[in-house]
Structures are given as structure tokens and as C-alpha cells.
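> Pulled these from Swiss-Prot:
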- Glu104: active site, proton donor (ACT_SITE)
- Asn89, Met90, Glu91: substrate binding site (BINDING)
- His102, Cys129, Cys132: Zn(2+) binding site (BINDING)
- 48-168: domain 'CMP/dCMP-type deaminase 1' (DOMAIN)
- 186-294: domain 'CMP/dCMP-type deaminase 2' (DOMAIN)
Amino acid sequence: MHSRFQAALTTLAADLQAAIAPMLADPHFPALLEADQVATLQQATGLDEDALAFALLPLAAACARADLSHFNVGAIARGVSGRWYFGGNMEFLGATMQQTVHAEQSAISHAWLRGETSLRAITVNYTPCGHCRQFMNELNSGLALRIHLPGREAHALEHYLPDAFGPKDLEIKTLLMDAQDHGFPVSGDALTQAAIQAANRCHAPYSHSPSGVALELKDGTIFSGSYAENAAFNPTLPPLQGALNLLSLNGYDYPAIQRAILAEKADAALIQWDATVATLKALGCQNIERVLLG
């Protein structure tokens, strides 16, 4: 079991502890629960889905990397597939606050990059900030997404984001988590291919500046992240953050990164290169390459 879960596990009810401990045994537990694992936990505890998600929030919050604020926020995104995806806020010392990943973004990006096609609900241990409410409005589940907060009645996103501005106002039809393929030829070694594939499935309807990042770890594991734009621009999630989020959720630390590749267009309206390099160097990675999409 990864050390980050040890203290959080002791806060759970005894029956839930006993049921989930075997699932957490792998130090690289992927911070997600398959539908059958959710059913197993429900059977062991007698909890319905909503109550179980609340009970598991301490484990999601344990995934946070709040190196600046030391304020851990946890989120659990529930996919239409039945899978549950953990998320936690991420802050990067030596970078800028603009590189921060919020817990809701973490859980949603986690689900998206794992192939989930839509979300039913998200459970969070603190009220979503305006940034996250706007980020969620980019999803194909839209304002119908159910938000679950401790001690409050569940509401759809539209309750928390009235008179919302979103993709429809800009006549965007393809939404975040919809299937997308930008069709760039995939070639090169495994890491280069992963970066191009990540760019191919990114969501960039506003700038038309597709990009993807792939990170290779010392043990050969590869994590990739896709760019996720937002109608309000600022809540956009860069591709590096998507990859770093997966890396962290899977129990790895930044020093494990031995090589990184960014895939983007040379003539794109928005360029990720400088911000990607600056953040990776702040995390100790010096071997950074760029492949141009053709």
C-alpha cells in the first residue's frame, strides 16, 4: 500500500477498511474503482452509492499534492461506465499558481484520460470554486451533472452555476469527453506516439491549437495528458497537468520522470512549450523534447 493512504484508511469505518484494504495493496493502485469493486464495497458496508462516495473521500483527498497550501481537497467522479475515479488538488513548487490542478479537474481529467465517455456525478469534500464550476460546464454531461457535497442535498451543476456561460454560447457542439480524433499521423518511438495520440484526442475547439504530453518514467511506464480547453479560457487544463495528474494518482513521484515529449503544431495560435518546459524543470526533469504535428 502506498504510504499516502495509511493514515486516511484508519479514518474509515471498520467494515469499509476491511473491504477496501486489499484493493489498496498495490503501491501503484490506480486511484480508481471498477464497477464490480464498487459493488463489492456496497455489499460489504450496506452503503448506497452516494454514502459510499462520501465515505471514500478521505482516500481521494490523500491523493492530493498540496505542496504549497497543505489544504487537501478530494473528489470522486462517477462515470456512466460504473467506474469511480479519484482526484486531488495538485500544486507545483517552483512553478506558478496558474499551473495548479483543482481536485475536480483532477478527477474529471483522470476519468477522461482513462477513456470514460461521460460522468453521472462528482462528490467533493469542499464546495467547488467558480473555476471548477466553469470547468465542469465544458463536459458533455453539462449542467445536469450531479454535485454531491457533505451535509448538503445533491444538486445539478446548474444549481451552482446559474445563468451559465458555456460552449453553447460559442456554438461549440463537440464537448469535453466526447470522442475526438484530430487525425495527426502517429509515428516515432513509444513515447512520441503516446504524445501524438494524446494530441489527437484533445479538446481544443476555441484556439484550434491541439497538444499532448507524454512522460516516460524510469521503470518504463508512460503517462500521457491531453489538452482540455474551456469556453471561459482560464479554466483550461494544459496537457502536462493531465499527464502529471495520472502519474501522481498512480502512486509515482516527479523524480521518477526520465523523459518528456510535447506534441503540438509549430504555427499554433497558442504554444505550450515554454510553460511545459518551465514546469517540468521545476520538478527536476531536464530531458524534454518537442515533436511537431503535421
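From the backbone N, Cα and C atoms, a Cβ is placed for every residue, glycine too.
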> Nearest by CA distance to Met90 (substrate binding site): which of the recorded positions is it, out of Glu104, Cys129, Cys132?
Glu104
> How do the residues of the domain 'CMP/dCMP-type deaminase 1' (48-168) split into helix, strand and coil according to DSSP?
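Across the domain 'CMP/dCMP-type deaminase 1' (48-168), the residues distribute as 43 helix, 28 strand, 50 coil.
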> Looking only at C-alpha atoms, tell me how far Glu91 (substrate binding site) is from Cys132 (Zn(2+) binding site), rounded to the nearest Å.
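On Cα coordinates alone, these residues lie 15 Å apart.
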> At the level of the C-alpha atoms, what whole-angstrom distance separates Cys132 (Zn(2+) binding site) and the residue listed as 'active site, proton donor'?
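Computed Cα spacing between Cys132 (Zn(2+) binding site) and the residue listed as 'active site, proton donor' is 6 Å.
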> With a 10 Å radius around each C-beta, find which of these binding-site residues (Met90, Cys129, Cys132) has the fewest other C-beta atoms nearby.
Cys129
> Would you list, in sequence order, the residues of this chain other than His102, Cys129, Cys132 that have their CB within 8 A of the centroid of the site's CB atoms, where the site is the one recorded for Zn(2+)?
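Apart from His102, Cys129, Cys132, the close residues are Ala103, Glu104, Gln105, Pro128, Gly130, His131, Arg133, Phe135.
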> Between the Cα atoms of Asn89 (substrate binding site) and His102 (Zn(2+) binding site), find the distance and write it as a whole number of Å.
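Asn89 (substrate binding site) to His102 (Zn(2+) binding site), Cα-Cα distance: 4 Å.
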> Taking the center of the Cβ atoms of Asn89, Met90, Glu91 at the recorded substrate site, which other residues in this chain have a Cβ no more than 8 Å from that point?
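Neighbours within 8 Å of the Cβ centroid, excluding Asn89, Met90, Glu91: Ala64, Arg65, Ala66, Asp67, Leu68, Ser69, Gly88, Phe92, Thr100, Val101, His102, Ala103, Ser106.
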> Find the average pLDDT over the domain 'CMP/dCMP-type deaminase 2' (186-294) in the predicted model and report it.
98
> For Glu104 (active site, proton donor), what is the tally of other C-beta atoms lying within 10 angstroms of its C-beta?
24
> How many other Cβ atoms sit within 10 Å of the Cβ of Glu91 (substrate binding site)?
17
> What are the sequence-distant neighbours of His102 (Zn(2+) binding site), meaning same chain, six or more residues apart, C-beta distance under 8 angstroms?
Val73, Asn89, Cys129, His131, Cys132, Phe135
> Return the count of C-beta atoms lying within 10 angstroms of the C-beta of Asn89 (substrate binding site), excluding that atom itself.
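Step by step: centre on the Cβ of Asn89 (substrate binding site), count other Cβ atoms within 10 Å, giving 25.
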